[in-house]
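Undergrad: Swiss-Prot feature annotations, pasted as is:
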type    : residues                   : note
BINDING : Cys51, Cys54, Cys70, Cys73 : Zn(2+) binding site
DOMAIN  : 47-316                     : domain 'CoA carboxyltransferase N-terminal'
ZN_FING : 51-73                      : zinc finger
Amino acid sequence: MSLMNWFEDKRRFGGLIGAFIEKATKGYIFSEREKDRYIKIDTTKGLWTRCDNCENMLYVRFLRQNKRICEECGYHLQMSSTERIELLIDRGTWYPMDEDMTARDVLKFSDEDSYKNRIAFYQKRTGLTDAIQTGIGQLNGIPIALGVMDFQFMGGSMGSVVGEKITRLIEYATRASMPLIIVCSSGGARMQEGTLSLMQMAKISSVLQIHQAQKRLLYIAILTYPTTGGVTASFGMLGDIIIAEPKAYIAFAGKRVIEQTLRQKIPDGFQVAESLFDHGLLDLIVPRNLLKGVLSEIFELYNAAPCKKFQNSFFK
């Protein structure tokens with residue numbers, strides 16, 4: 001095939017895809033009820049993507065409909081925090097908290113670019129103020145407090161804003177006697193904030209102790225790809241029940257760092273969810289499309305447990 005023929009085929013194929021999208025959105029292919037089940041896509045970000053595991057080409061519209069699970073190999077691709085909220089929370093019941101809280105460049109940190117400029121860049125890119133969304137909502141009719149980290153915002157790194165929003169969420173859940181879920185997806189503590197980011201580990205752990213041990217309220221940690229560093233070393237592993245997605249990368253330090261420190265070869269796959277489950281570090285590995293139903297059953301079972309009675313049940 002000549003180069004000119006290749007360009008012509010590419011142009012023609014692109015036109016067919018564009019016509020398909022146009023017809024679909026006008027209702028010629030999908031009915032109004034069917035269209036409501038599909039999430040609108042931003043065509044400026046591309047119509048196709050590649051699976052990180054099997055490298056199969058995936059059509060973005062159907063990938064989002066399938067909860068970002070590869071239809072070829074079942075691999076769970078990364079989701080945004082907004083998509084995860086839509087996955088777990090009943091429609092029309094989500095009430096966000098502390099949406100306007102933003103980070104300050106207290107240390108005046110700068111490497112290739114200033115910390116202030118990096119924050120502004122990711123805020124514009126993601127539409128978020130920082131690497132987590134918190135709020136309250138209902139999961140199959142059960143009121144819950146939910147925090148969802150977003151890896152697309154500076155690698156989901158935990159700074160002072162992330163730590164403060166999680167702390168306030170836990171305190172609210174404790175006062176309201178609500179179960180708590182935190183979906184973890186993070187590269188660890190945010191280096192641009194130094195010790196201010198590291199102290200969030202202790203701060204969050206201390207309020208979790210009140211929520212779990214003193215008030216006997218449920219906390220479920222959901223570990224997704226990737227969960228590493230200070231998040232793994234603190235609230236990521238403090239859940240009454242710890243759930244992971246299939247093949248999620250969960251670690252404190254990376255494989256290369258461990259090998260350089262121990263000066264020995266580390267086996268492949270020892271930091272994936274299945275390996276951690278085999279060694280007793282996880283309670284459940286749940287596929288994304290089953291997660292909401294599993295959480296609902298856990299809440300019902302927990303509410304009936306005699307050892308976990310408290311004054312204000314989250315069931316009416």
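Cβ coordinates are placed from backbone N, Cα and C, and glycine is handled just like the others.
Describe the structural surroundings of these features, if you would.
TA: Its own atom aside, the Cβ of Cys73 (Zn(2+) binding site) has 13 Cβ atoms within 10 angstroms in the protein chains shown.
The average per-residue pLDDT of the prediction over the domain 'CoA carboxyltransferase N-terminal' (47-316) is 92, rounded to a whole number.
Assigned with DSSP, the residues of the zinc finger (51-73) fall into helix, strand and coil as follows: 6 helix, 4 strand, 13 coil.
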Undergrad: With a 10 Å radius around each C-beta, find which of these binding-site residues (Cys51, Cys54, Cys70) has the fewest other C-beta atoms nearby.
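TA: Per-residue Cβ counts within 10 Å for the binding-site residues Cys51, Cys54, Cys70 bottom out at Cys54.
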